[in-house]
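Visitor: My questions all concern the structure below.
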Amino acid sequence: MPARQSFKDLKDLILCDIGNTRIHFAQNYQLFSSAKEDLKRLGIQKEIFYISVNEENEKALLNCYPNAKNIAGFFHLETDYIGLGIDRQMACLAVVNGVIVDAGSAITIDLVKEGKHLGGCILPGLAQYVHAYKKSAKILEQPFKALDSLEVLPKNTRDAVNYGMILSIISCIQHLAKDQKIYLCGGDAKYLSAFLPHSVCKERLVFDGMEIALKKAGILECK
């Protein structure tokens, strides 16, 4: 397919975000995901535009859909950050002013002001926290338990482990965000949003950034 071919509408193509564990898709405004072993069963007929943070999963996609196009070079995000992941770049591209929290296998926090990425940090994801506690001491090998509030101090080890985990994440987000709007995406976004009253869950945030990138490249027509 020629690089300059353009599409009139999102429904004419499929966006793909290749992560470390799952491969996520957006077809028009419908979201779905797949393990790499199940890609062929999807039977995708439309043109695929993708980003990737995992080489093995990217190869799996290309084995099934060899005409899929990597859009990493289709846009420019203003930033001084060296080595910013393509998924973080796309999420930042979708926000003009605010704090972007991607709560996936790792939790990334990025600040954007007037369209420029100012910097960010990376925390372990919830599963990584649980694994770290398990490695630290037998008594800290506690199952994850969703908390309703951080207002009451825990009275047992299981709650204390989960409390410390969530408080460290929320405190970091609040420290960086101050009075800025917080946008959350990723698998644990909805859970974390309960502790951030002025936040907004945007499960399509990375795909919104991809849509903007394609429009800037002239591949998707602006509306």
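Each Cβ is built from the backbone N, Cα and C atoms, and glycine gets one as well.
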Visitor: With Asp17, Ile18, Gly19, Asn20, Thr21, Arg22, Ile23, His24 listed by Swiss-Prot as ATP-binding, which of these, Ser6, Ser105, is given for the same site?
Guide: Ser105
Visitor: Can you give me the same-chain residues 6 or more apart in sequence from Ile86 (substrate binding site) with a CB-CB distance under 8 Å?
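Guide: Spatial neighbours, sequence-distant, of Ile86 (substrate binding site): Ile51, Ser52, Val53, Ala72.
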Visitor: Other residues with Cβ within 8 Å of the Cβ centroid of Asp17, Ile18, Gly19, Asn20, Thr21, Arg22, Ile23, His24, Ser105 at the ATP site?
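Guide: For the ATP site, the extra neighbours are Ser33, Val53, Asn54, Asn57, Gly104.
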Visitor: What is the nearest of the binding-site residues Tyr81, Gly85, Asp87, Arg88, Asp102 to Gly19 (ATP binding site), using the Cα of each?
Guide: Asp87
Visitor: For Asp102 (K(+) binding site), find which of the binding-site residues Thr21, Gly85, Asp87, Arg88, Thr157 come within 10 Å, Cα to Cα.
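Guide: The binding-site residues close to Asp102 (K(+) binding site) (Cα within 10 Å), listed in sequence order, are Asp87, Arg88.
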Visitor: Substrate site residues Tyr81, Gly85, Ile86, Asp87, Arg88, Thr157: biggest Cα-Cα distance, Å?
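Guide: Max Cα-Cα spread across the substrate binders: 39 Å.
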